[in-house]
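J.: From TrEMBL, for reference:
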| type | residues | note |
| --- | --- | --- |
| DOMAIN | 1-26 | domain 'C2H2-type' |
| DOMAIN | 27-54 | domain 'C2H2-type' |
| DOMAIN | 55-82 | domain 'C2H2-type' |
| DOMAIN | 83-110 | domain 'C2H2-type' |
| DOMAIN | 111-138 | domain 'C2H2-type' |
| DOMAIN | 139-166 | domain 'C2H2-type' |
Amino acid sequence: CWECGKSFSQNSSLWSHGKTHVGIKSYKCFECGKCFTQSSSLQSHQKTHRGEKNEKCLECGKCFTVRSTLVVHQRRHTGEKPYECPECEKRFVNSSELRNHQNWHKGELPHRCGECGKSFLTPAHVQIHQRIHTGEKPYKCGECGKCFSQKQHLGRHQRFHTGEKPY
């Protein structure tokens, strides 16, 4: 690939991959209108509309729509982190986490909160931040009913009920 150096065994695969760099999105989901650079990405996406989750983690039982998402998930069980930052040698389970980390090195925070203008590395971080403005607390403790804005805060709270002291 002229853009990123990735190699392919077939010219058609290189051509298809090249579209990701120039932003050509020829494949449109008729369900929601989202567009994709590859037909395989569209097909995987369409499974989400049908609720298909055929890829199951044998370690924890969690199911996924796409095999590649399962593979990345399984790395969290194995501890495998194949993507390394060339600047600080920190390792990541997938390329998007590495890319976000590299943006952090560059001081780039490309995703902004529309409410207050604060910038973040990822759209997910913006979404979590926006709960400050909306008051949304989607994570509820099954034991006492207390609600939390972040999943990790619920997990920390639940340790009080179980008596777990991990540190």
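Placement of Cβ uses the backbone N, Cα and C atoms for every residue, glycine included.
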J.: By a Cβ-Cβ criterion of under 8 Å, what residues six or more beyond either terminus of the domain 'C2H2-type' (55-82) are in contact with it?
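T.: For the domain 'C2H2-type' (55-82), the far contacts come to 44, 47-48, 91-94.
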J.: Give me the DSSP three-state residue breakdown of the domain 'C2H2-type' (55-82), ordered helix, strand, coil.
T.: 12 helix, 4 strand, 12 coil
